[in-house]
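Peer 1: Structure in structure tokens, see below.
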Amino acid sequence: MPARSMPAVPEIPGVLKRHWRLVLYPVGMIPAVWLVWQGQHGALGADPVNVFERSLGLWAFRFLLACLALAPLRRFTGLNLLRYRRLTGLLAFFYASLHLLAYVGLDHGFDWLVLWADMTHRYFIILGMSALVLLIPLALTSNTLSMRLLKRRWKFLHRLIYPAAILAGIHFFMSFKTLNSVSAPYLAAMALILLSRLLPRSQTGDGI
Amino acid sequence: MALFRYPRPLPSEITPRNMYLSRRSLIGGAAALGAVSASADAATLQTHVGPYSENLTPTPHEDVTHYNNFYEFGMGKADPATQSQAFHPLPWTLEITGLVRRPVRLDVEQLLRSPAIEERIYRMRCVEAWSMVIPWDGIPLATLLKDADPDPRATHVAFESILRPSEMPGQTGALSGIQWPYVEGLRLDEAMNPLTLLALGIYGETLPNQNGAPLRLVVPWKYGFKGIKSIQRIRLLDHEPPTTWNRLAPDEYGFYANVNPQVDHPRWSQATERVIGAHSLFGAKRQPTLMFNGYGEQVADLYRGMDLRKNF
């Protein structure tokens, strides 16, 4: 094997090569742990609940972007990272769920009257919640067994990520009072990725 | 409050103005490198406890000066404290013009030595559903307006902040869609209400840049964005003036912007508020928001017979 003839390159232990998930899932959760730690040590500033809640939402949006970027990345650069779609998609769902939990529990102290009014009156909240609801069946069927059982329907079902991304994008845009240098790059990236899916596929396209 | 207050000259009285300014830009430069804190050049004000101050526990000085909305210095809450070091609040002239019999031009450095400065501890409720308690030092706006002698035709007061992109980095970005300078307005009777304050300081010292130096409006029964900062011009008018946030999102921010737990913002409830100052994620507090922010006794009469849902 050529790898053996190049001792300068440290070898990735075989266990990690086969079980990269064991490493990458915890790595993806570091921001959540870091935010909780900061929150408990006064490092999130004067309004920690607000910063915590917004940061979790931003991480959900980042992972959603990463997940959606993998197909165009292969199409336009040839770099194939498609096997990380499940990882990034599940992490997006993980952060979106924590984001909701922070809003329901930490911010509103499970005040169901306030929450019900939010869910029935405010487009900002309805859009964000709808995006999360659309991600639930995707998370539930993200395993190989579901892929095998659902066959062609699996691919169709997982196109729900596009409406989810659009809803999340509008929710994200609305979470700021004005368009600004924080949100604009994320929104531009999301728009580019979604638009790239509308480009006509080449003859050799494989439908990814 | 400090136990002892003694007369102290302002830095500008000691040092010639041009020297003073160049020294300030040195300080500003050093502060930009993180060497000097924002409050390093705050001067002590002579102030006395005024009426309407309640027995409330003030929010820590650190939070009052490092958790700010002042978009001229950036959109993050921490931006105003870090991005405002190059701003020169003095010298400063405040103009009171429009429908007045005696237009006024005030030297703010003289105003800072006025014996009329009093302490007012007020609740501050932000439209974003958080609140603080701030010990302001200032002069009732009515005192200054009376000096200008309003014409009987005047019904409204317009306030204009400063346009100075060279010292206010937030004014250079075109992204926000905000039309600078920041403008605000009140009805004349609101402006003459004894609660309405022109603040020159907090915590017994001159206003830090990030809090609206050298002088700003404080209208404690209204959402914080009505409290326009770094005011240069006050004009009396016979009509309602345009206001910055109302111009940007009229369905979200009304002209009146009275604190009202029953009228929600389109994106969130205004029934409760997050109390600033806990600094702990799981120890943070939420409390009920009070009608007119708790100042109904003094101001409810101003709105008798008005539909506060329509005039939000």
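Glycine too: its Cβ is placed from the backbone N, Cα and C atoms.
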Peer 1: Can you pick which of B:SER161, B:SER166, B:SER269 TrEMBL lists for the same Mo-molybdopterin site as B:ASN68, B:TYR71, B:GLU72, B:CYS126, B:ASN211, B:ARG216, B:GLY227, B:ILE228, B:LYS229?
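Peer 2: My reading of TrEMBL gives B:SER161 as the candidate in that site.
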Peer 1: Could you tell me the mean pLDDT the prediction assigns to the domain 'Oxidoreductase molybdopterin-binding' (B:88-245)?
Peer 2: 96
Peer 1: On the three-state reduction of DSSP, what should I expect for B:SER161 (Mo-molybdopterin binding site)?
Peer 2: coil
Peer 1: Of all the Cα pairs drawn from B:ASN68, B:TYR71, B:GLU72, B:CYS126, B:SER161, B:ASN211, B:ARG216, B:GLY227, B:ILE228, B:LYS229, the residues the record ties to Mo-molybdopterin, which distance is largest, in Å?
Peer 2: 19
Peer 1: Within the chain of B:ILE228 (Mo-molybdopterin binding site), which residues six or more apart in sequence place their C-beta under 8 angstroms from its C-beta?
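Peer 2: Within the chain, B:ILE228 (Mo-molybdopterin binding site) has Cβ neighbours under 8 Å at B:PHE159, B:GLU160, B:SER161, B:TYR182, B:VAL183, B:GLU184, B:GLY212, B:ARG216, B:LEU217.
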Peer 1: I want to verify one value. Collapsing DSSP to three states, which class is B:GLU72 (Mo-molybdopterin binding site)?
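Peer 2: Its secondary structure by DSSP: helix.
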